[in-house]
Amino acid sequence: MKRLILIPALVLASAAFAHQGVKDSQVLARMELMKEVAADMKVLGQMAKGQTAFDASKARTSAANLSAHATETIRLFEANATDPKSEALPAIWENFPEFTAQAQDMGAAADALKLGSDAEFRESFTALAQTCGSCHKTFRQKN
C-alpha cells in the first residue's frame, strides 16, 4: 500500500519540472491534467496512509475530480500530439481502446470509493491507486 501511495506523490513532485519548455499546447494540457490528478491522489493518499485525518467531504471532492479527470484524459489523449518533454508512450495511440479502458477504470474506481469510514476508504483507495500504477506501467515513460 505504501508503494501505491508514493506514486501520486512522486508524480506531483516531478510535474513542476516536467512542464518547463513544453511547446505543444495539447501536450501541456495533458501534463496540467495529470498534475491535477496527482494533486487529488495526494489528498486521498495522505488520508489512506494516515498522514492526514480522514475527511469524507474532501475525499468526496477529490473522487469527483478524478472521475471527471478520467473523461478528460480520454479527450486530451485522442490526438497523437508529441513533445520531447512528453512522458506519453506511443503505446497510447497504438492501443487507444486499452488506454481508454484504463482511464475509465480510474473513473469507476473513483466513483466506487467508500467514504463511510476511514477503514472502508483505505480499502477502496487501494483499487483506485492500482489504476494509476497500471496505466503508468503500460503507457508512460519515465523521464
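Cβ from N, Cα, C; glycine included.
Per TrEMBL, the feature signal peptide maps to 1-18. The heme c binding site annotation in TrEMBL covers C132, C135, H136.
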Here are some binding-site residues: C132, C135. Which one has the most Cβ atoms within 10 Å of its Cβ?
C132
Counting across all protein chains shown, how many other Cβ atoms sit within 10 Å of the Cβ of H136 (heme c binding site)?
17
Going by DSSP, is H136 (heme c binding site) sitting in a helix, a strand, or coil?
helix
